[in-house]
Structure formats: C-alpha cells, structure tokens
Amino acid sequence: MNRNLRNAIIAFLAPLPSIVFYLSFLRSYSSTSDPELSYIHSWCSNHPLLLANLLFFFNVNFLFWVIGLLQSSHWMIDVYWTVIPVMLVHYFASHPLGQYNRWRSMIVVILTWVWSVRLTHNYFRRENWEWGAREDWRFNDLRKQYGKHWWWLSFFSVYVSQQIFLFGICLPLYTIHAVDAPLNIWDFISSAICLTGIVMAYFADTQLHEFVTRNQKLKEQGKSKIPNLDTGLWYYSRHPNYLGEQLWWWGLVVFAWNLGQGWTLIGALVNTLCLVYVTILVERRMVKQEYRAEAYRAYQKTTSVWIPWFKKSQVGAASKDKNT
C-alpha cells in the first residue's frame, strides 16, 4: 500500500471513535433503561461544551498525537483544521440542548461548509493532492529546536494548543445554536462579512498557488525564480489570505454579538494575535531567502501588511527610513 492511500485511510478512520460515540448517544440518551448508561447520557446531554472538549482531547489530542509519533509527522492536524469546525457546527446543531433559529442555523452551516471546502481544496492543491506529504514548516522548526524532547512537547504545542484555538474561534457556532432569536439585518451583515472573507482568501490563495507553480516551472527549466508576488490582491496587501481568514472568523463573532453573546470574540481575538505572530515569522523567513530578500524588503516598505491599501512610493519609504 502506498503512503498516500495509507494516510487517506488513517485520516478517514481517525475521528470514528468520537463520531460513533456521539451518534450512539443521540440514539439512546433519552430511552436507555440502564442507570449507569443513563447517568452518562444525562451528563453528555447537560454538558455540550465539556463533552465536545473531552471528545477532542481523547480523539484528536491523544489519538492524533500517537499517530503522529508513529509516523514521525504531525501532518493530520492541518487536514482536520479544515474539517473540525464543520463537525462542531453539526454537533452543536444536533445536540439535545440546542435551541436556535433554524434559518440562522442553516445559513451558518452552509457558510461553514463553504469555508471548509475552500480551505480543504487549498490544502490539497498546495500538497499536490497528497495526504500527509509533509507537516507544517513551523512544526519542523520546533522539532529541530527541541530535539529529543519534541516527542512529548509536541502533544502540547501541536495538539492541546490547537484545541484551545479551535474551540475559541468556534464559540460563536455554539452560541448561534444556544439562543433562539428572529433573523435581523445583522445576520445578513454577518453573512456578508463571512462571504467576503471566504472569497478574498480563495482568490489570494489561488494567486499564491499560481505564483509558486510558476516558480517551480522556472526552477525546473534552470531559470531564475521570480522573487516576490506583487500582483492581484498581493499588490495591495502582503497577506490578503490571512485577512480573508480573519474576516471569516470575525463575521461569526458578529453573528454571536447580535445574539447578545459578544464575549465569544475572545477566541477570534486570540487567533488574530497569534496570526500577527505568524505573520512576523513568515516575513522573517522570507528575508532569509537570498534570492528574494532585497525584493521582499522593498515590498515591505511599500505595501500594507494586512489591510489592502494603495502603495507607498519607494522614495517616500526611503526618506521615512532615513528620518527614523
């Protein structure tokens, strides 16, 4: 069996323990006559967020971590970043404690699927349609940094941290399915923000993919690679794909804020702050590459980091540097 097929099978089988458990709970939580099972089902029914976190901890954190150790690669969490929000939105919508406006729920479920399909497509397109071809470069850097301690540190830095981030940014999906209120204009504004983010991220990632593909062909032909992507959305922003992703999550926050649950912004806020740090890491990595360092430094001086804006002139940027 080749690696691609083996990894695909592993990825499909890995979440089954949680799925089977939850489906069995839904089937029998209210009809079981076994007191012990009745207690378990009662607890699961009364603690939707705790149950979801427990399933995540044992099925994703622990099981995925063990698989990652056996394969010496923690690739699978990247794939499931694109899928877990879909699983969570259906979990919250189907949980017995759920009470919500069905039209709002349907809108959010559809939007979450569109977001997931977009991000999943981008992941596999980037990985040449292979399962687990490589793990995130940041994990590779950490592996080198921590050496023999990486095997246990990876449990916390790769998996436990992902649980905190994912549940934090998915909190609006929970509140949307915990508050029943009529649709209003803010639901349509939220939908517009989410869709804008999805569309922006799609076009930004597509332009980046085309740029990377073009450079690979130039390298194969023995020609010099283009040092920097400076067209399309990337002409106005250095990280339009990051901005699109943030708009998606903040659009969900607006849904929750409209339902009187503005506290759920904490997840999106932490995620945004983390992405600021990732942006710094990515840009440091870019200027370390000799063939593009000079061009990228010039790009930094003239182009907005996230928010699309008009170019600064090279002359203005240079004079500003001299003054500082």
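Backbone N, Cα and C define each Cβ position, glycine as well.
Predicted automatically and left uncurated, TrEMBL annotations should be read as such.
According to TrEMBL, the features are:
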TRANSMEM  7-29  transmembrane segment
TRANSMEM  49-70  transmembrane segment
TRANSMEM  77-93  transmembrane segment
TRANSMEM  150-174  transmembrane segment
TRANSMEM  186-204  transmembrane segment
TRANSMEM  265-282  transmembrane segment
Leading contact stretch, 49-70, 77-93, 186-204 vs the transmembrane segment (150-174) - CB distance under 8 Å:
49-70
Within-chain partners of the transmembrane segment (49-70) [C-beta distance under 8 Å, separation at least 6 from its ends]:
10, 14-15, 17-18, 21-22, 43, 76-77, 80, 84, 88, 91, 151, 154-155, 158-160, 162-163, 166-167, 174
